C-alpha cells in the first residue's frame, strides 16, 4: 500500500506547497507547541457568499468548539497521570463551513509527511520568474486530527488523511457513509452515526401514530445520507411512507424555499416533516412557512443539526412550536463554563479569532491600526465579561469535542505505556508516531467521558447511539418565551413521554400526519397502488361485514350484518301470527263462515224431512256443507305456527275442502244436465242419479285428491322450514326469515289444481244447463255460484304470483289465499243455502210440497227416486 501511494504523494507535493503559500495569506491558525501535535478543524466562520471563502463568525459552533479543544488540551497537559512527560500541542484551522476550503486547510496537516518524503524532489521546484520556492518554518507533524464538524467536510478531509495514515476523530459528523470502514478506515467519531439517529426518528414517527411524512435534506452528505437512512429504515420497518423527498440545493436560488413549501403542500396530509438540514436551511424553511401563512401546519422532526439550538428558530418561535428534535445525549460541562466565562482579551491571545468573537458577542468594536470604530458602534473596553454582559449558553457539541481530545490522549497514553515502558516523555518508538498503531489504540479506548457516559468505538469507528429527544414548547401561550423541553430518550429503544408533548391547537392531542384517515367500523381499506400507507375506505354494504381491515365478506344465509357491519347476527324469524293485522280479515271471514255454515247445517238437520231440504238433495248438501266448513277451517291452519303436524294437515285439508265442495257441485250439475238431456230423447231416466250413486261419484272424485296428497306425504314428509331468501330485502335491517311449511308456490297451486279443474268442469256443465226450466230450483244458483267463484279465483292468481317478490309476501299471499277460499265458500253458501235457510226459518208456510202444474213438465222428466226431490216445483 505504501508503494501504491508514492505516485499520489508526488502529485500532492506541489499542492502542499501551494497550500502552504495560501495559508500564509489566510487568516492563520491557532498553534500550541507540544511534543505531539493534534490537528483541529472547526467551522469558525460560516460559508462565504459572492465568491468569498468565509462568511460571518459562528460564535457557538465555531468559537465554543475551538475553545473546548483548547480547554481539553489544557486539562490533559495538566494531568500528571495522563501522558506523563509528554505535552500535547495543536494546530487548529478554520474550515469556513466549506468542504473545498477545508481540504486546502487540511493539507497543512500532511506537509511534514510530504516534505519528509519529497526532500529530494524539492530542489527541482521553481516559481515563476525562476525564483526559488518560499521557505517557511518546518510544519508540525500532526499525529491525529479532531474534526471536522460537517459530514461533507469530514468526508473530504478523511480521503486525504487516510493516505497518510493520520487518524481522525469527529465530534459532530454523523453521515452514515462515514461508517464504511473500507473507504474511511482512519475515521472515527464520538457521536453516533445518522443511521442510529434515523432509527430513532422512525421510532418517534411511529410512536406518534404517523404513517405519512415528507423528508427535507440539505444537499450534501449529511442531509442526503440522513434522509436515505431514514427512508431505508422506514421501508424495512414498514408502516411509514414518504410523501415527498425534497433536497435543498447547496447554493439555493432566490425563492427556492418558497418553492420547497409549495411542494410540501402538494401532499397536505403529510404534515410531519423529517428535516436533515443545516442551521441556515432550517431557518429559511421556517421563514418560508411563515410567509405562506402555514404556521402550525407542519410538524417538524429535526435531526441533531437542529438539536436544542436557538439560532435556527430565533424570531421564528411560533413556526417552531411543537417541533421535535433529536440530539446525541450530552451534558453541559461545568468546567468549560467556568473556563470560557473567564476568557478575556488579555488571557486568551492564543485564539486568533477571539477578538472577532469579542466584537460580535458584545456588539462593539476594537480600535485597530490607530483608527477608531464608527460612531454608530460602541467601543469595546476590554472589561466586558462573558455571561455578565452578554448571554451565554454552552454549545451542544462541546462535550464531544472534549471527548474526542481525551480519546486521542488515552490512546496515546496506552500506546506510550506499551511502546515506551518506564520512559517519561517520548521514546524513539513513538518518534515519529505510527498512525496505524495509534488507530488500533484509539479503537480500543474505553473511558468515562466528560459527561460521565462511556466513550468507546465499534469496529467501524462509530460511537454507540444515545440521544435525548426535545420538543420546542410555548410558555404560557407565548412562543417567543418558550424553550426546548426534554420529552424522551433513545438508546437502541425509544422512551417517549407522550403526555409531556404539547401541540398548537389542542395541547395534549397528537396531531395527525396520515395519508388516509382510519376507516370507520364496517369499512375496509382499499389500498392505493404503490403507496402502502394510502387507501380509500370502502363500506361493507348490503349483507357484507368487515372480516379484517382489508376484507369484507357476506354473512351466512341465516344471518345479517350488525348495524355497523362489523359482524353478523341471526336474522329474526317471522310468521303470520294470530295477532297480525294481516290475519284479522281472514280469521273474521272464517269465523263468520263457520258460524253461518253451522247454522245452515243445524237448520237442515232440524228440518231434514221438509220439502226444501229434501228438494235440495240432502245427501249431497251435507257433503257440500262439509266441504264449505273445511274451506273455512283451513284459514286457522294457515295462520297456525308451522310444524310437522300443521304442515301435514295443511297439505291434506287445503285441497280437500274445495275438492269435496266442487265434486258435490259437479255431481249435482252433471245430474241435472244428464236428466234433461236424456229427457229430450227418452222417458227412461239416465243411470247413476240415485243419492247413493251421487255420493259414490262425489267420493270417487274426492278420493283422487286424497290419494295424491297421501302419496305426496309419503314421498316428501312434511316439515317446517325457515326461508331466509323470501324477505332478504336490500336493507339488511328489514331482512327476516320466514317460518313456513315446505310448500313452494307451485306446490300450493298444485294442491289446489285438482279443485280448480273440478271448478272449471262444473262451470262448463253450469253453462250447458243454463236452459233448464225455471221450475227447477238448483241449476241456475249453481251456475251463478260457479261464475262468481271463477271470477274470485281469476283475481286470486295475479295477486298471489304478483307479490312473489314483495317483502310482505308471506302475509299477502296467505291473506289472499285464505280470503279467496273464504269468499268462494261464502258464494256457494250464500247462493245455494242461505235463501233456503231463510225460507225455512222465516217463511215456514212456503216449506210445503206443491202439486205439479203441468202435465208437460211431468212427462218430460221421469219421477225421482224416493228420497230425492230435486225436480220438484219451486
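Please read every residue number as a count from 1 along the shown chain.
Each Cβ is built from the backbone N, Cα and C atoms, and glycine gets one as well.
Automatic prediction, not curation, is the source of TrEMBL annotations.
Remember, predicted model here, so these are calculated numbers, not experimental data.
Within the set 561-581, 582-602, 687-707, the record from TrEMBL flags 582-602 under the feature transmembrane segment. Among the residue ranges 622-640, 717-735, 850-868, the one that TrEMBL annotates as transmembrane segment is 622-640.
Among the ranges 519-544, 779-804, the one that TrEMBL lists as transmembrane segment is 779-804. The range from 485-509, 810-834 that TrEMBL describes as transmembrane segment is residues 810-834. Taking residue pairs at least 6 apart in sequence, the transmembrane segment (652-673) and the transmembrane segment (779-804) share three or more C-beta contacts under 8 angstroms. Tallying C-beta pairs under 8 angstroms between the transmembrane segment (582-602) and each of 622-640, 652-673, 746-767, 810-834 places 810-834 first. Residues 576-578, 583, 586-587, 589-590, 593-594, 597-598, 600-601, 604, 646, 649-650, 653-654, 656-665, 668, 695, 698, 814, 817-818, 821-822, 824-825, 828-829, 832-833 of the same chain, all 6+ positions outside the transmembrane segment (622-640), place their C-beta atoms under 8 angstroms from a C-beta of that stretch.
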